[in-house]
Amino acid sequence: GPMWISEAVWNECGKLKGDWKSCARDSVTCTKECVKNYLNKYRTRCTGKPADQITCEEDAKLYMAGPPNGCKSTSSSATNYWISVQQCLPVSKPYDCIDCMCEASGCQKYLGKCTNDQGTWRCGPMWISEAVWNECGKLKGDWKSCARDSVTCTKECVKNYLNKYRTRCTGKPADQITCEEDAKLYMAGPPNGCKSTSSSASNYWNSVQKCLPVSKPCKQKFFHLCKIWHYS
């Protein structure tokens, strides 16, 4: 069925509909309910967090890698599944500046990918180099796990990186710095990128601006876990 539920998982999710195939093979609604029940059995024990603090990444990896510790999996199958889930997830808008900077960089389109940019390897949604990752605090303890494989970690890294330079570059208090200054600083780099008039910085800012006023609704994450299996 829609999420490739085994009979063992169906047993653990409560034997919904009283028949494995009637639920797992023949019903999207029952499939999603089964997966919710299955995850709810293990997610707090796996993550050690209250239920309302567990992330979609942790749920997706737990479902793919299985209990007891799947939520923390770094296996290629769990990582690739999470990458696919992220590509499906919509983001609430109006975006903040960092969301639109990600969109202007390609964001979900470049999850799981790296490229050699004139001798410097850059990875993921915002093309983060290892040098930038080092400066942003070495999040997740591994450059590619953060920069290549996670939109959330990518954005956190860029925020940390900008926070190191934005007040020095602009000469302003942090709450007075504009999105344009942040976008140009990220594109042109420190120490003075926030004031850049280069075509690359200007074009990047133009792309960021196009994203800012657009709205887009969010949906429940379990819908998107299911969508990865290409069923509607």
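Placed from the backbone N, Cα and C atoms, the Cβ positions cover glycine too.
In TrEMBL, annotation is done automatically, which means it is predicted and not curated.
Reviewing CYS136, CYS179, the cysteine that TrEMBL connects to CYS157 via a disulfide bond turns out to be CYS136. Annotation in TrEMBL places CYS102 in a disulphide bond whose other cysteine, of CYS97, CYS100, CYS107, is CYS107. For CYS123 (disulfide bond) paired with CYS97 (disulfide bond), the C-alpha to C-alpha distance reads 20 Å. Here the Cα atom of CYS146 (disulfide bond) is found 8 Å from that of CYS157 (disulfide bond).
Candidate disulfide-bonded residues: CYS114, CYS123, CYS136, CYS153. Fewest other C-beta atoms within 10 angstroms, CYS114.
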